[in-house]
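Note sheet for the following structure.
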Amino acid sequence: MDRLLRLGGGMPGLGQGPPTDAPAVDTAEQVYISSLALLKMLKHGRAGVPMEVMGLMLGEFVDDYTVRVIDVFAMPQSGTGVSVEAVDPVFQAKMLDMLKQTGRPEMVVGWYHSHPGFGCWLSGVDINTQQSFEALSERAVAVVVDPIQSVKGKVVIDAFRLINANMMVLGHEPRQTTSNLGHLNKPSIQALIHGLNRHYYSITINYRKNELEQKMLLNLHKKSWMEGLTLQDYSEHCKHNESVVKEMLELAKNYNKAVEEEDKMTPEQLAIKNVGKQDPKRHLEEHVDVLMTSNIVQCLAAMLDTVVFK
């Protein structure tokens, strides 16, 4: 019986074959996406909702374990799906030539597309598109981003690469993990249903920011000194003042009532009297502070406008 298994080991379907020392595909590879590329992918994906959009990623293959994505650009296409026909070679060549003139000499390292609202995985059409990219470069990466499920502080994004079908037929282990970099992401049930770890595998995504990129991100929603002198509409400002004063009146009544009740309470009751309840004193102080600040700024801005633009 052992002899029969050894004889059939080298044939597909009859055994796993003799163990060899041939190197397997290593999944210690990481994709480093720049902040600019991530923002452009999310902006492009949100602009195309509810349609799928796609584009190409520019970067470099630093070594066997590092893929760096520096920039992306959108590809023109129409329809609900992303297919191979959506890659326009003429547009791609012209775009790369123009990017080289602006100091972007990087090569195409893969492509990205959006799945608005239904998670990160590769469909049959996406797998065919990825096959065409891997025919040009074996290390091409397919990035999927979900602009609907992405929120501030958590981007729903994943990177994939196809598994060689010949390895699966021969019964070989398609890949191995030999690194402790990054962390494992639990795959979603949708991705497992659509062939994750059977037809394609996930690659760890990391974000490496330099000092200039950190400054750029910090300045995205930074307020300037001019915004403090912006005049509000007078009717809206009066309505806001009126509503805040009404709230302050209710809070003052509640605070007066709470002070009267404190005289009749024991020290044990005083310690827990505000647990799970609104503290009228603290909220009253906050309302007074906000109301005074807004009115002072409004009056100051109105005076400056009168003096400067009279």
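One-based numbering along the chain as shown.
From the backbone N, Cα and C atoms, a Cβ is placed for every residue, glycine too.
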Can you tell which of Ser123, Ser150, Ser188, Ser202 Swiss-Prot marks as phosphoserine?
Ser150
So which of Ser132, Ser224, Ser243 shows up as phosphoserine in Swiss-Prot?
Ser224
Which of Asp97, Asp126 shares the Zn(2+) site with His113, His115 in Swiss-Prot? The record says Asp126
Name the residue among the modified residues Ser150, Thr266 whose Cβ has the smallest number of other Cβ atoms within 10 Å.
Thr266
Looking only at the modified residues Ser150, Ser224, Thr266, His113 (Zn(2+) binding site) has its closest CA neighbour at Ser150
How many Å lie between the Cα of His115 (Zn(2+) binding site) and the Cα of Thr266 (phosphothreonine)?
61
What residue among the binding-site residues His113, His115 has the most other CB atoms lying within 10 A of its CB?
His113
